[in-house]
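The domain 'EIPR1-like beta-propeller' annotation in TrEMBL covers 450-716. Annotation comment: TrEMBL describes 643-678 as repeat 'WD'. The transmembrane segment annotation in TrEMBL covers 9-28, 102-123, 143-163, 175-193, 236-255, 267-293, 313-329, 371-396.
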Amino acid sequence: MRRVRQKGTYLMALFGFHILVSLISIAVYKQVRARFSFAGYFVYNGLFYYAPPPIEELREISGKKFPKQRRRRNSDDGIFNVPKDADFPLLRYELTEETLKLLPYFTTLCWIVDFSVFSFIVYTISEIFVFFFPENKDFNISLWWLVVLGVFILQALVQINVSKITSPELHAERNLIFCFSAMSFLFCTIFAMTCDKYMDIKFTEGYKNLTRWVNEYLETQQSNYEFLDLQEKSPLLMYISLATFFAFVSAMLLFPNFRYVVSYLKAVAVGTPSVKTGLHTVFILPIIILALFSNPVKEHVLSNARFSWLSESQFDFCRILLVILWALLRISTAKIQLQAYLDLSLEKLQILRRETGYIKSNELQRMIYQYASYFCAAALQYFLPVLLTLVIALLLKSVGNIGIFETPEASSVLRTNVTEPTVHAFLSLEAQKPMWTFFLVMVLTINVSLYVHARCISNLPAEENSTVFLVGTYTLKEEGQIYLLEADDNWTHIGGKPFLFHDGEVLHLSGHPKMANIFSTCSLLWAGGKLKPIAGIWQLNDEKSSISCLSSFDVSEKTAKILEFHWHSSGDQAVVLYDHSISICDVSDSHNMKNAATKKLDVRRLNNITWNPHGSGTNLCLAADSNILELDSRTLSSSFTITNAHAHNVLYLDYNPLVPYRLASAGEDGRVCLWDTRKTTAPFYVFHDHSHWVWNVKHNPIHDQLMLSCSSDGRVFLSHLITNKDPDIENPIKSVEKELVVECDDSVYSFAWAANDPFIFAALSYDGRVTIAKIKRDLKYKILNL
């Protein structure tokens with residue numbers, strides 16, 4: 001026993017504690033890797049994926065939907081059509097190592113997880129030793145484990161992104177990566193040059209210390225000191241180098257952050273209250289940590305008498321501790337979010353079932369299998385940003401000598417007072433701490449994910465002097481917002497002013513027809529464990545810097561969701577649309593909204609309502625299920641009804657503003673129909689431009705031959721109708737010129753014509769992207785006969 005202890009003492013004297021721990025860990029790591037992987041414990045154990053029914057069952061389903069004479073022709077080929085609305089269950093299987101071995105990136109996933117576990121174990125053991133033996137001056141080799149782990153993380157990120165860049169099918173993703181890296185380079189350059197003004201980094205001080213030690217070292221080596229003098233050099237090269245590196249990192253983390261946001265939203269939608277609390281905490285912690293790195297917050301905390309016990313080093317330690325806590329919480333919620341990612345195949349199928357037509361059997365299988373087949377890459381994209389941030393935070397703690405009990409003058413990892421200019425001087429505390437702090441702040445900034453849904457946009461009809469639009473956010477998870485977008489006269493800048501909206505998610509916006517500073521909202525507020533529908537009238541102040549609520553519609557708890565609020569052209573009346581009823585309101589006094597009449601309709605759901613601008617101006621047209629009907633607002637009696645106007649639900653209605661009896665309708669069947677309300681047996685013209693639900697259609701308020709339509713397919717079409725103005729002609733459409741004017745990655749639910757210029761419009765996609773565009777000049781001149 002004595003001999004063994006003596007031998008251990010010799011090994012300690014020969015190698016040192018840190019090296020000895022690393023050698024033992026490498027030996028154990030090789031043995032563990034051959035028999036076991038931590039990836040199962042942290043990543044995939046207990047998760048399930050979905051698969052379509054066997055091909056024979058799909059073939060049987062498809063055969064039942066075809067006439068007998070067509071079944072053989074449809075089933076003989078290996079690929080056959082399956083009805084999109086076919087009702088079949090998905091098969092649910094547990095993820096296992098045998099299944100994942102067949103998928104790409106599985107080896108990389110296991111390697112990263114296992115090496116991370118051992119790296120953090122080695123680091124923890126070394127830190128415990130340093131804590132109890134601070135006089136030990138051996139180099140902490142566990143830092144090299146972290147550096148190597150960081151290199152492996154970057155390698156895995158590059159490996160995943162190279163597949164996107166080199167794939168000919170993913171040219172949009174490739175272009176997005178390049179564009180984002182260019183924008184990140186600009187941001188990182190500006191941030192590196194100005195970070196000391198706002199953030200507790202001391203980057204300039206660190207650069208000066210580094211160059212001073214380099215100069216002194218070069219002097220001792222008898223180098224050409226005048227040529228290599230860095231003391232008077234500008235740090236511009238350092239700024240550009242760091243900006244280039246972090247632009248690269250930002251591009252690599254772009255899609256991982258996108259995927260994290262999507263899985264976060266899905267997990268929150270189905271999670272229990274405790275799970276939601278944990279997910280929200282993980283989501284907002286990076287923002288809190290970044291705030292703690294700002295100079296104002298640090299000065300406020302350290303100068304506050306209540307925190308007089310807190311030293312600067314301890315404050316630094318609290319920030320590092322929060323980063324570690326965030327990383328642990330995100331790792332602990334990994335399976336919840338990864339399961340939400342796998343459940344996307346189920347959601348995709350539910351969306352498909354609401355469509356009409358057929359889908360190829362191989363496309364259906366690929367649509368369902370795609371999430372499971374990409375699982376390893378998705379798991380890597382979830383873990384890699386967390387691990388990279390954690391590695392940098394731990395490196396900062398060690399090289400910056402940050403501890404809750406230590407003082408900045410003592411360091412057991414790096415030398416802080418280097419009296420002789422040697423290579424070790426480059427690792428001094430004064431040079432390294434600012435650099436790693438900068439790295440940590442940059443990576444945290446990249447990992448801050450912001451994602452806002454929006455689906456309603458409106459103009460201000462009375463605003464004649466500027467191009468102004470209102471946009472409302474669509475989310476129950478956080479504080480709602482209303483954005484005022486305004487383009488300058490030269491169209492060189494589009495400014496956006498956000499206003500906090502405390503009444504929940506915004507379902508509908510509408511500007512007052514007479515007053516440019518008044519608008520209405522329909523919203524849904526989560527309060528007291530219930531969803532509360534609210535209709536309100538709001539006012540912009542004179543400087544357009546704030547909004548205030550003038551009045552709210554008194555909604556009973558039994559009333560269904562408020563869908564829309566439409567002003568009458570006089571501005572004295574408005575109609576409020578519910579799921580199954582409508583209310584006519586007296587709004588002559590904007591401060592006091594009064595309910596004048598209500599009518600309940602025997603329909604499954606009302607989808608849209610609009611005023612008829614012709615005749616007496618008192619008629620209302622409603623989209624009820626797949627039907628269209630018109631009511632007189634004075635008596636609430638029916639004027640006409642178009643039964644089964646669309647194959648599925650009618651989603652939007654719009655009267656021609658200049659020609660009476662002309663009505664446009666949009667529906668879930670992907671069609672836009674033009675009607676003569678005196679001859680309702682069939683539309684006189686039908687558009688088939690869109691491949692999915694058409695959510696909105698509007699005539700131009702001045703030039704009615706221009707018409708826009710938008711759809712869930714992410715596209716906006718501009719139709720130029722060559723028409724005859726005579727309302728008595730049976731088919732007034734002579735010809736139609738169509739143009740795809742907007743194409744988005746997400747669904748486009750709404751758009752609006754500008755009030756001050758009939759040749760400007762704005763389209764809004766669900767991901768919050770607003771496109772403000774002008775009609776092409778040649779079409780404009782053609783309409784104006786110039």
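Glycine residues also receive a Cβ, built from the backbone N, Cα and C atoms like all the rest.
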Distal contacts, the transmembrane segment (236-255) - CB-CB under 8 A, six or more residues away: 154, 157-158, 160-161, 164, 173, 176-178, 180-182, 184-186, 188-189, 192-193, 207, 381, 384-385, 388, 438, 442-443, 446-447
Distal contacts, the transmembrane segment (175-193) - CB-CB under 8 A, six or more residues away: 161, 164-165, 203, 238-240, 242-244, 246-248, 250-251, 254-255, 438, 442, 445
DSSP helix/strand/coil residue counts for the repeat 'WD' (643-678): 0 helix, 17 strand, 19 coil
